[in-house]
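This report refers to the structure that appears directly beneath it.
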Amino acid sequence: MMIYWIFLGLAIVAEIIGTLSMKYASVSGELTGHIVMYFMITGSYIMLALAVKKVALGVAYALWEGIGILIITVFSVLWFDESLSPLKIAGLVTLVGGIMLVKSGTRKPKKPNSPNRNSGEHHATA
């Protein structure tokens, strides 16, 4: 199961690199940025497709997009001098909260440690 989470992590990293390369290519006009973008976005979708074999689609997609948006926004501010308004910050905080809710909502309930009552054993009751 752990390998599928690794696939998801690689999908997120590839998406971030691909999207930042797209911005770099549009600013610089260099062909290299477009080539990196094509390979990274393609790789991102391939890794995401592998991840959703065992990771719930809603969780995988929320993490893939959400973490990607968060990190891309930070690097866009640092590298491309994009603005970060209080409204954008509030949106990112809401996004992180939403990701946490989606992820925590998919946990499997823990099995009780008590013996199974339907195992054929009969107990006297008072």
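Numbering starts at 1 and runs along the chain as displayed.
Using N, Cα and C of the backbone, Cβ positions are placed for all residues, glycine too.
Feature list (source: Swiss-Prot):
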- 104-126: region 'Disordered' (REGION)
- 1-21: transmembrane segment (TRANSMEM)
- 32-52: transmembrane segment (TRANSMEM)
- 55-75: transmembrane segment (TRANSMEM)
- 82-102: transmembrane segment (TRANSMEM)
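Through the fold, the transmembrane segment (1-21) approaches residues 33-34, 36-41, 43-48, 50-51, 53-55, 60, 63-64, 67-68, 71-72, 75-76, 79 of its own chain, all at least 6 residues removed from its boundaries and within a Cβ separation under 8 Å.
Among residues of the same chain six or more beyond the transmembrane segment (55-75), those with a C-beta under 8 A of the stretch's C-beta atoms are 4-5, 8, 11-12, 15-16, 19-20, 44, 48, 82, 84, 88, 92, 95-96, 98-99, 102-103, 106. Panel annotation: around the transmembrane segment (32-52), residues 4-5, 7-8, 10-12, 14-15, 17-19, 21-22, 24-26, 60-61, 64 of the same chain, lying at least six beyond its termini, place a Cβ under 8 Å from a Cβ of the stretch.
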